[in-house]
Amino acid sequence: MRYEREHRIMCHEYGDGDDDDEDNSSAAVHQLSSSCKLCPSVSVQVPALSAYSHSHQLHYIQAIIVINVHHGFVCIHRVLFADLQPQWRHVERLMSKILLLTIDIRMNGEIMLALDYAGLAGCATLAFVLYLNTLNAGFVYDDRRAILGNADVTGAGPLAQLLQNDYWGTPLTDSGSHGSWRPLCVLGFRLNFVLGDGAAWPFHLINLLLHGLATVLVVHVARTLLPTRAAVYAAGSLFAAHPVHTEAVAGIVGRADLSATVCWLLAYLAYRRHMRHRDWRSLALTLLLAVAALLCKETAITLLLLCGLCDLLCLGQGVKHAGDEKHRLRSLTILSVALLCALYCRLSIVPRPSTAFSAADNPTAHEPSWWTRTLSYLYLPVANFQLLLWPQHLSFDWGMEAIPRIRTLWDARNVLSLAFYGILLAVTCKGVRWRCTASSSVDYAAVATSISLPLLQRLGGSSCQAWHGLVCACHHQLKQQQQQQQQQQQQRSSLQRKASASRSSCSVSSAPSAVATSVSASVLVTCIAFMVLPFLPACNLLFHVGFVLAERLLYLPSVGYCLMLGLGFGRLWQRLHSSVHRLLLLCCLGLLLGTFSLRTMQRNRDWQNEEQLFRSAIAINPPKALGNLGSVLSSQGRYEEAKLALQSALAHRPTMADAHFNLGIVHQQQQNYSAALTCYRRAIQLRPQLAPAYVNLATTLLAWDQGRQEEAAAVLLAGARLPGHGVRDRSAHEAARHSAYLQLSALHRSQGRSQLAVEVLNEALATLPLERRQQRAMLHQRLAALHVELEQWQEAERQQQLALQLQPGEGVAYVSYGQALARNSSRYAEAELWFKRAVELSPLEPSTHHHYADFLEQQQRTQEALGYRLRAAALAPHNYALQSAVADALRLLNRLAEAELWYRRAVALQPQAAHAHANLGAILQMRGQRQQAVDCYRRALQLEPGHATSRANLAKMHVNIDANT
């Protein structure tokens with residue numbers, strides 16, 4: 001029957017409603033349930049609607065209206081054609097009631113629709129506004145490696161590499177790969193980088209929009225689960241404002257979690273539609289979205305488990321019809337096959353990481369005691385849940401000893417673990433038990449019978465198997481009414497009808513309560529599944545992962561947490577009938593939202609830059625935060641502050657190789673070479689594969705003592721030949737090896753061993769990966785320069801051509817080729833063509849103009865060279881060498897006054913450079929300004945007491961070097 005079809009749809013989805021509208025709806029239904037004046041013997045029985053949501057009440061009432069419309073027309077037919085007394089006023093009254101009720105339902109529906117849109121827009125606006133202050137943030141922490149240092153994002157590598165590399169740009173087959181294969185997310189990064197010209201704010205804008213979209217989808221999901229509108233919008237607003245989402249939204253690398261969550265929620269909604277209609281399109285859309293979610297984040301593989309669980313929880317809901325179980329079994333089979341295929345592809349086809357994660361990232365995984373590992377890992381879900389409950393203490397990293405390991409059974413945290421798992425298990429079991437009990441107790445046939453049988457009886461039907469083209473599977477037979485029965489038979493039939501009506505009434509009254517219990521249990525179990533299932537792959541209980549706790553991984557599980565809070569809020573809202581009590585409940589929700597919002601905006605400021613981010617985590621993870629802070633301060637030239645931070649980090653954890661390396665850089669910048677050597681050696685001892693430490697150690701050896709060139713060469717060779725097994729940042733490792741080869745060849749070249757330098761560069765070309773085109777081009781250029789020195793012209797030209805093939809659009813390669821040809825006096829004209837070609841290709845590159853000017857000065861074309869010198873200086877106004885080169889060119893042209901101005905600019909750029917003061921002194925001496933020249937020479941000697949040029953010029957001027965005036 002029509003009612004049964006509407007009721008079956010209604011039972012599949014228990015959704016958005018607000019019990020404020022129940023009174024009006026119930027009153028309307030009671031009007032319909034009254035007996036018809038034309039046919040007093042017919043009474044339409046209507047069950048109570050208090051257990052249903054507002055949207056389901058509307059469907060319910062519409063079904064009853066259809067029945068009564070049919071009944072009204074039958075009454076009219078009998079009035080007109082059965083010679084009954086005129087009862088038109090009763091017919092008009094009945095039809096007017098139906099019309100007024102229809103108008104009222106439509107108006108209420110439009111009002112409710114407006115409220116839905118307003119609530120949805122409010123949640124989305126809250127999500128957008130709270131994260132507006134992230135738009136001016138930069139690339140922070142992991143963003144640098146995942147975005148700026150990733151060739152798959154910047155476009156330096158081919159597009160096909162997206163399928164071969166991990167999330168960080170490392171080949172999946174590499175020993176240092178994380179195994180995080182997320183090509184769809186990396187493709188989004190690449191489009192973002194190209195369209196936004198590499199700026200940070202477009203990345204943050206997309207993250208912000210994705211968070212808003214996820215909030216909208218959470219509201220839609222809540223409508224399918226929660227009983228009232230108040231519950232729906234409580235869940236949506238809590239999700240929009242929760243501070244634990246900050247890392248996922250403010251950190252650009254959190255795009256993976258945002259994208260996976262959006263696809264996850266869309267897939268869930270698509271499968272809900274498939275559960276109602278069992279259509280292929282919805283199922284195909286679900287599988288497609290599941291694949292997209294999996295290509296964004298590995299944890300999304302549990303999505304199909306959630307869909308299957310939701311389908312199982314719907315057993316017994318709605319009026320079963322032929323084929324229901326077969327269709328459900330078919331859907332579950334398809335989900336199971338898709339899940340197995342996804343697992344097979346991820347574990348067998350896509351390479352997995354071959355190196356264990358470091359002890360700093362996941363110290364518990366390296367713990368030898370099984371007891372300690374078990375207790376510690378059992379506590380980790382509790383720590384994650386605590387962040388959802390009260391996200392006051394947040395950190396960019398929870399590795400090392402941020403969460404101390406549990407080594408004894410008497411640790412108080414074991415009590416929290418026991419309570420957490422006990423409550424979770426009890427709630428789940430209770431929900432499943434309620435669900436099973438309610439499913440077995442609901443008699444929807446009785447509900448349908450109470451409405452359909454009286455009407456069919458009045459219409460003269462004998463069965464509800466087929467009525468007006470609608471099919472019912474219950475096969476209820478109607479007793480034929482006999483108007484000529486005897487008085488005793490009429491009394492007996494009357495008694496039987498009363499008893500039947502009494503039983504039907506009891507069944508109907510209990511049905512909504514059973515439905516409510518069933519749906520409540522299903523919602524509770526579904527909310528728990530939303531929270532638990534996506535967290536399982538990252539909990540370290542099934543297998544070890546490369547972290548202890550990561551806040552961005554809580555983005556998807558927080559959906560289930562917010563739904564549970566919304567469910568509890570909705571239940572309280574339904575039970576509190578007093579406006580004062582409801583106002584108090586709203587105040588509590590507002591206080592919680594206000595607290596979460598303030599914490600979110602505060603946490604967003606921590607993600608503005610790396611210094612603030614690392615300072616915010618000192619109390620939680622001191623060694624990691626202080627070590628990273630020291631590196632940031634060192635890059636800013638704040639060496640004393642950096643030294644204090646790094647020393648404090650090593651006091652907490654002395655085995656940090658990165659901290660020793662960064663402290664060595666600080667000592668090297670402060671020219672404390674002995675301390676720098678100690679730090680670099682300690683860093684290499686702790687991490688033998690740290691290639692940058694070898695390069696810096698060799699540089700420090702040469703700066704401290706030129707007599708240690710052989711030792712420096714041995715260190716460079718060892719660093720250049722490092723295999724880099726298990727290195728996480730493969731790009732930085734290869735760049736350090738490349739630098740080691742270049743410095744080693746330069747060292748051999750300075751010692752007059754050019755042939756040995758050629759062998760070093762050839763070895764570098766043989767070991768350097770082919771995809772590093774820019775580095776290989778530089779090696780070919782260095783080889784060309786060496787072959788020119790060896791007067792091997794043919795080989796030099798071949799090396800230059802190889803460099804041009806690797807960088808056909810780079811002016812630097814043409815400059816290098818021109819310099820090589822310029823060494824041969826017979827090919828000056830050809831060399832100048834290559835210089836001009838370089839200027840055409842790179843008109844905004846200062847070095848191309850500078851090197852072309854050098855070539856022109858060699859040809860005694862000083863006036864032409866000056867124009868290119870001025871152009872190079874204009875392109876790089878803060879480059880000391882280019883400003884000095886302009887001054888030198890003016891001096892050669894005897895334009896001494898102008899040369900003095902440019903030398904003064906150079907001194908302003910490098911006031912601590914002795915040669916800058918010496919050059920200014922020389923031009924002043926040429927202009928006859930003796931005293932100013934002497935002052936400049938003495939300033940140069942103060943900065944560098946052994947400066948030979950200043951001493952020689954003072955001696956020529958017969959000035960006592962040790963005199964004060």
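Numbering starts at 1 and runs along the chain as displayed.
In case you wondered, yes, glycine gets a Cβ from its N, Cα and C as well.
TrEMBL lists transmembrane segment for one of the ranges 299-318, 419-438, 579-598, namely 579-598.
Non-local neighbours of the transmembrane segment (554-573) in the same chain are 19, 218, 221-222, 225-228, 230-232, 234-236, 238-239, 242, 244-245, 248, 254, 257-258, 260-261, 264-265, 299-300, 384-385, 387-388, 523-524, 526-532, 534-535, 582, 585, 589; each lies 6+ residues outside the stretch with a CB under 8 Å from one of its CB atoms. Residue counts for the repeat 'TPR' (914-947) under DSSP, helix first, then strand, then coil, are 27 helix, 0 strand, 7 coil. DSSP states for the repeat 'TPR' (623-656), grouped as helix (H, G, I), strand (E, B) and coil, give 27 helix, 0 strand, 7 coil. Secondary structure counts, DSSP: the repeat 'TPR' (657-690) has 27 helix, 0 strand, 7 coil.
Confidence in the repeat 'TPR' (914-947), given as mean pLDDT, stands at 84.
Sequence-remote contacts of a segment are chain residues at least 6 beyond its ends whose Cβ falls under 8 Å from one of its Cβ atoms, and for the repeat 'TPR' (657-690) they are 623, 626-627, 630-631, 634, 639, 642-643, 646-647, 649-650, 696-697, 699-701, 703-704, 722-727, 733. Within its own chain, the transmembrane segment (199-219) has Cβ neighbours under 8 Å at 119-120, 123-124, 126-128, 131-132, 134-139, 143, 147, 188-189, 192, 232-233, 235-236, 239-240, 245, 248-250, 252, 254-255, 258-259, 261-262, 265-266, 269, 559, 562-563, counting only residues six or more beyond its boundaries.
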